[in-house]
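These come from TrEMBL:
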- Thr117, Asp170, Asp198, Ala199: S-adenosyl-L-methionine binding site (BINDING)
- 141-158: compositional bias 'Polar residues' (COMPBIAS)
- 135-163: region 'Disordered' (REGION)
Amino acid sequence: MAASMRLLVRRAIRLSHKNITLTAAGAAARSDCCRGSLVCRCFSDEAEDRSTHFGFETVPETEKAKRVYKVFENVAQKYDIMNDAMSLGIHRMWKDTLLHVMHPQPGAQLLDVAGGTGDISFRFLDYIRSQEERQKRRVARSSQTPSWRDISNNYSTQDEPRESRAVVCDINKEMLKVGKQKADSLGVSAGLSWVVGDAEELPFDDDQFDIYTIAFGIRNVTHIDQALQEALRVLKPGGRFMCLEFSKVNNPILSRIYDAYSFQMIPVIGEVIAGDWKSYQYLVESIRKFPNQEEFKGMIEDAGFYCVKYYNLTGGVVALHSGFKL
């Protein structure tokens, strides 16, 4: 309830900003926009006229979210199969690298934004389970030949460790539906929840999560800076932001091969497997419109994160960015 009320307040504030009116006395510096004693609605007009990219196409900002939603609604059923086909299975290694760099410990709370079919969350829970098993084996070995410290600790009262959980948050209901089906087939339910939510207006209170991940999703957001601010807001102090996204290939030869494959093969694969050329043409184009590694690093720092760094994977085809909330 608190999260939903906070979300309503934020929306009300944004709407009030959009409807700011200026009288002639207060708008002298904006005479091109307002004349005489007419009421000026320049800001709201500008907001409505503001444009952004949808792939290589320029569209009104208000239209992009609807188009992106339709893309993922169309491809949801074949999304995982297409990931394997398009990347030749390499996306699995990229996601495994994300988890190894993350190195989450038992009790960690993960928010997986644009988590769709749950790939990152499933890996997170598997990793946590392996860490818990490792700790149990370590305890079992130490109990065979206990030290005086181990014996002393056995007499001390300890709180039960907090259960780890992963929250998959995605704006697209069809993607979440596929993710839930996959979770059921894998028998994964403990510590996992699914939430419909917008990366630009997350339905969570402040300081809730230890780790925020967004994998191959942030380039589809209309206002990346706003999504980064929301990531900062919901993370606890000391929490970690991690983003896996297609990026800029630095090697000229690899770049030419990558471009040829992307534009000539991926839409064809999309048509053959998913029956959808246009959606995968958009996905290829959206990669080229996304900021390069250094530019995105700067955006993360501008949002308020510290110790921001990135790792290039597969020659920069993908970059893993990481930053901390202090």
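Cβ atoms are placed via backbone N, Cα and C, with glycine included.
Whatever TrEMBL says is automated annotation, not expert-curated.
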For Thr117 (S-adenosyl-L-methionine binding site), nearby residues of its own chain (Cβ under 8 Å, 6 or more apart in sequence): Ala76, Tyr79, Asp80, Met175, Val178, Gly179, Lys182
Binding-site residues compared (Asp170, Asp198) - highest count of Cβ atoms within 10 Å: Asp170
Greatest inter-residue Cα distance in Å for the S-adenosyl-L-methionine-binding set Thr117, Asp170, Asp198, Ala199: 16
Around the Cβ of Ala199 (S-adenosyl-L-methionine binding site), the count of other Cβ atoms that are within 10 Å: 23
